[in-house]
């Protein structure tokens with residue numbers, strides 16, 4: 001028997017947890033000697049107060065949707081994929097190869113092939129840990145962490161050895177030519193006669209929203225999605241029902257890795273227009289917070305990604321306005337969100353369960 | 001490569017291995033009790049910061065009326081360094097308790113808790129550092145009493161004349177910071193505690209079959225909290241070593257630079273055993289030393305890129321985990337919260 005109504009589980013508890021995380025963050029700001037409400041106003045003003053701010057917020061949001069989905073899909077199968085960072089980094093190589101080869105053509109050709117390249121490279125980087133987990137029983141969390149570091153080394157090697165501009169010291173590829181420039185949101189707004197400030201937000205935002213829809217369809221409307229959730233709920237039960245764990249783990253991780261890889265479209269193709277060493281910049285890890293906060297549901301992921309987009313853009317403005325609050329504030333908030341919505345979740349859940357049990361018992365006693 | 005160069009390499013191997021070893025033993029205690037700990041990195045980082053901050057403050061001379069930005073401290077002598085280490089241990093224990101509270105008391109996800117601790121440390125150290133010292137997240141440079149310097153072991157110069165072993169003793173083993181010896185001594189101590197004491201037996205049992213330990217009338221919760229606390233202490237020393245015992249001489253943001261994860265790798269490589277942990281940490285320390293001393297290693301047939309050397313600890317861990325070279329089997333109850341009534 002369910003001890004709590006559905007809405008408590010789905011909305012009230014996450015809301016309380018996020019509130020607690022921000023409460024603690026506010027206390028930290030107070031401890032530093034600044035006014036948390038003033039800081040919050042600057043953040044919201046900086047991220048949502050102008051089309052410039054909104055553009056950057058949406059740019060970050062796009063990346064976080066992809067990495068959030070990456071973690072969320074795996075969560076449904078009870079797999080914790082911490083490797084989004086490495087998968088996105090390696091996917092950048094795939095994007096760069098496509099873009100560097102075809103940047104004399106047209107973005108309509110480059111974009112779908114780059115999506116393919118990012119997906120393939122991201123999935124490939126997730127495939128090894130997945131295989132080792134499914135076939136040899138290695139712990140996937142540890143393996144994906146290790147693969148993050150291996151990816152970083154690989155990226156340095158590839159950039160230094162193959163993609164670096166000859167004669168240049170900087171470990172980055174040459175800039176993609178015009179044929180590989182995908183439309184930015186401000187350019188797209190121009191098509192319908194709107195004028196927006198130039199920001200890196202680009203067409204991949206729509207890809208991200210499409211990915212959310214596809215993930216929703218996959219998990220709740222397909223046979224494989226059912227297997228994936230069954231496996232995540234109880235592996236023995238799934239095996240007993242005739243499902244093959246190897247297949248589920250492999251496909252789930254491939255999809256997860258490909259989703260993480262998609263963020264390279266947004267950053268490498270959309271913003272940097274070259275491959276450099278730190279194109280991911282921790283977005284893979286933000287995905288963990290986004291998935292936890294969004295309860296691994298695509299709609300939740302969009303909302304959580306938007307919140308983190310606001311935090312990142314607002315945090316950058318905040319660091320500019322109040323130098324006493326450096327951008328590491330965002331990292332702290334991210335940690336608190338992971339802490340309260342992830343590992344300390346039961347701090348709210350246990351008392352809630354008791355409360356609703358008490359309420360029900362009293363009702364029945366009447 | 002002559003002998004002196006080789007010893008130089010061993011010297012830096014030992015220095016690189018020290019924080020790894022301490023963190024690795026910390027992970028060993030925690031994971032042997034059934035609590036996964038991927039927050040080693042965060043605990044070390046928090047400790048490194050707290051140690052450097054307190055040591056800097058304690059060693060700074062007292063100023064009755066400091067002008068803005070000037071540090072007025074306690075003006076302590078060598079006790080400043082001790083105070084720093086204690087502060088590091090304290091910060092690390094706070095993090096460990098948070099991990100314990102989340103994963104033992106609240107039965108939350110231990111991996112997620114570890115991830116959160118890593119980010120919390122990365123964010124909070126810079127945040128607090130900036131508000132205390134306004135140096136971009138760094139702590140003031142430590143000097144004199146506020147940091148550790150090398151200890152010359154007895155007879156180092158006298159024995160130095162003996163071929164091979166003499167210089168080995170003089171240049172590698174002697175002249176290290178005291179925390180290096182603490183780390184080395186922690187290995188036999190850990191082995192003894194783990195395999196020769198009642199506490200150790202219970203600790204290992206609680207990581208394999210907590211139900212049985214509970215039935216025997218021993219508190220699973222208390223055992224696991226003690227393990228997590230020991231892990232906190234060891235990570236604290238590791239962090240203090242990083243900021244007070246190395247050439248960094250102060251805290252720099254993200255100064256652990258993935259060492260917590262290399263320690264985790266060493267732990268798996270050593271299959272959760274103390275003496276192999278020493279071997280694994282020395283190996284990874286050597287790899288780091290080679291990687292920073294030489295760029296690309298030319299072995300005649302082909303050139304090994306430096307990035308490969310840097311990635312080698314991680315690659316080795318993956319290989320070991322996959323069971324291609326001897327299977328690494330973690331404690332059976334690792335990562336599973338213990339629920340008493342079932």
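Placement of Cβ uses the backbone N, Cα and C atoms for every residue, glycine included.
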Range among B:5-24, B:25-44, B:45-64 that TrEMBL annotates as transmembrane segment = B:45-64
Please give the sequence-distant neighbours of the transmembrane segment (B:261-287): residues at least 6 beyond its ends with Cβ less than 8 Å from one of its Cβ atoms.
-> 9-10, 12-21, 23-28, 31-32, 37-38, 40-41, 184, 187-188, 190-191, 194, 238, 309-310, 312-314, 316-317, 320-321, 326, 328-331
Top stretch among B:76-99, B:111-133, B:227-249, B:299-325 for CB pairs under 8 A with the transmembrane segment (B:45-64)?
-> B:76-99
Based on Cβ pairs under 8 Å, which of the stretches B:76-99, B:111-133, B:299-325 lies most in contact with the transmembrane segment (B:227-249)?
-> B:76-99
Folded-back contacts onto the transmembrane segment (B:299-325), same chain, C-beta under 8 angstroms, at least six residues removed | 261-262, 264-266, 268-269, 284, 287-288, 290-291
